[in-house]
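Quick look at what TrEMBL lists:
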type	residues	note
ACT_SITE	D75	active site, proton acceptor
ACT_SITE	H103	active site, proton donor
ACT_SITE	K203	active site
BINDING	G74, D75, E76, G77, K78, G79, K80, G102, H103, T104, G423, V424, G425	GTP binding site
BINDING	D75, G102	Mg(2+) binding site
BINDING	D75, E76, G77, K78, N100, A101, G102, H103, T192, R206, Q286, T301	IMP binding site
COMPBIAS	10-31	compositional bias 'Low complexity'
REGION	1-38	region 'Disordered'
Amino acid sequence: MSLSTLNHHPAAAAAAGRGRSFSPAAPAPSSVRLPGRQAPAPAAASALAVEADPAADRVSSLSQVSGVLGSQWGDEGKGKLVDVLAPRFDIVARCQGGANAGHTIYNSEGKKFALHLVPSGILHEGTLCVVGNGAVIHVPGFFGEIDGLQSNGVSCDGRILVSDRAHLLFDLHQTVDGLREAELANSFIGTTKRGIGPCYSSKVTRNGLRVCDLRHMDTFGDKLDVLFEDAAARFEGFKYSKGMLKEEVERYKRFAERLEPFIADTVHVLNESIRQKKKILVEGGQATMLDIDFGTYPFVTSSSPSAGGICTGLGIAPRVIGDLIGVVKAYTTRVGSGPFPTELLGEEEIKLGVSYNQMDGEKLQSFPGDLDTLEQVQVNYEVLPGWDSDISSVRSYSELPQAARRYVERIEELAGVPVHYIGVGPGRDALIYK
């Protein structure tokens, strides 16, 4: 069964102001289009979008600032949808996270690209890609992605901007990430060990370095020394010498020269673009259930991949955010450690979780904030018939098996919002517009 469902309400919420998104235990939000705004002219269409196609018209009618967010634990297919929608937008922007996100997309020839930090709009030549101030940048990894794209014929020159306020993620953050996990032993979080948590920790404790610090190499070494000393004091297994510092500073001098053309005040760029009526698509990393505030804490990421992270991660106002698309899988998976309610294997029927009860039988009205309560909840299921047929070549909703259509329609009824896009495979064209 390879059905994934993607939700978009035609007048989707300025949910950044509400902090609402899909979650397994709460209804998905209905949404309201901001009043008094004329729909801007669509960005240049590609071969993917046919002018007379109602599906293309629907994509064109998305708000000036729209977002694609994960509604479960990640791996829902956000990158693919961003790639599909990108031709109708001028800018695709990442607002949070770092290389812990993994977005796999395919070009028109079927070539696979695995992106971690570069926004998924990069395959479309007319699209500007922005990495916002809320993201964390591992510069060697960023250059590795760019080199991989360019070696496969994708031009990146003048097409990617990195916020001067974004924090730098160093190799030492990755080392610290592994040391922290080892220290936690049996209660480890199950991080990707890419240094994301330690980098955000440096940001919050105010000893982190930002992209703009690369423009001031005269003080860069002193600031980096503080990070090294802090790690060495905290972890016995972290070996530090002044020779390491000197080597790292020289390395980043070279990086600074190459990164300079990408650096920009992206807050200004994005707000000026909004003023000029350009269309912006925000690409979320991770997902709602990994949100630092609203996820299954402490088994969460270190940023806010729910709607509110768009504003703080890009420096734009809640009032400008219109349509939000929550991406969900037909069946839920989770990478790493942390609570996972159920595991279903070899079932001929689909058990659809529709609500949750506490141990005393009282129905939960919202998602629990602590793991002790979450561990004791009882899932209320509805049983739906499954299907065995291969649906990967289906491109029309009416051609789906009746059981698949019933499944999608029941999700719509429970969530209170329509399903507009149904993924049936990894390819760019493996999408049904409902």
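Placed from the backbone N, Cα and C atoms, the Cβ positions cover glycine too.
Note: TrEMBL annotation is automatic and uncurated.
TrEMBL feature annotations superimposed on the structure.
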| residue | record | DSSP class |
| --- | --- | --- |
| G74 | GTP binding site | coil |
| N100 | IMP binding site | coil |
| K203 | active site | helix |
| Q286 | IMP binding site | coil |
| G423 | GTP binding site | strand |
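With the fewest other Cβ atoms inside 10 Å of its Cβ, the least crowded of the binding-site residues N100, Q286 in this structure is N100.
Around G423 (GTP binding site), a 10 Å sphere centred on its CB holds 22 further CB atoms from the protein chains shown. The recorded positions in question are K78, K80, K203, and the one with the fewest Cβ neighbours inside 10 Å is K203. When Cβ neighbours within 10 Å are tallied across all protein chains shown, the highest count among the recorded positions D75, E76 belongs to E76. Between the CA atoms of G77 (IMP binding site) and H103 (active site, proton donor) there is a gap of 8 Å.
Here the binding-site residues are G77, G425; the one with the fewest Cβ atoms within 10 Å of its Cβ is G425. Counting every protein chain shown, 23 other Cβ atoms lie within 10 Å of the Cβ of the residue listed as 'active site, proton donor'. Of all the binding-site residues listed here (G74, G102), the one with the fewest other CB atoms within 10 A of its own CB is G102. For the recorded positions N100, G102, H103, Q286, a Cα-Cα cutoff of 10 angstroms around K80 (GTP binding site) retains H103. For K78 (GTP binding site), the recorded positions whose C-alpha atoms fall inside a 10 Å radius of its own C-alpha are H103, Q286, out of N100, H103, K203, Q286.
Here the binding residues for GTP are G74, D75, E76, G77, K78, G79, K80, G102, H103, T104, G423, V424, G425. Their largest Cα to Cα distance works out to 19 Å. Restricting the recorded positions N100, G102, H103, K203, Q286 to those with a CA within 10 Å of the CA of D75 (active site, proton acceptor) leaves G102, H103, Q286, listed by sequence position. Put simply, H103 is the one of the recorded positions G102, H103, Q286 whose Cα lies nearest to the Cα of G423 (GTP binding site).
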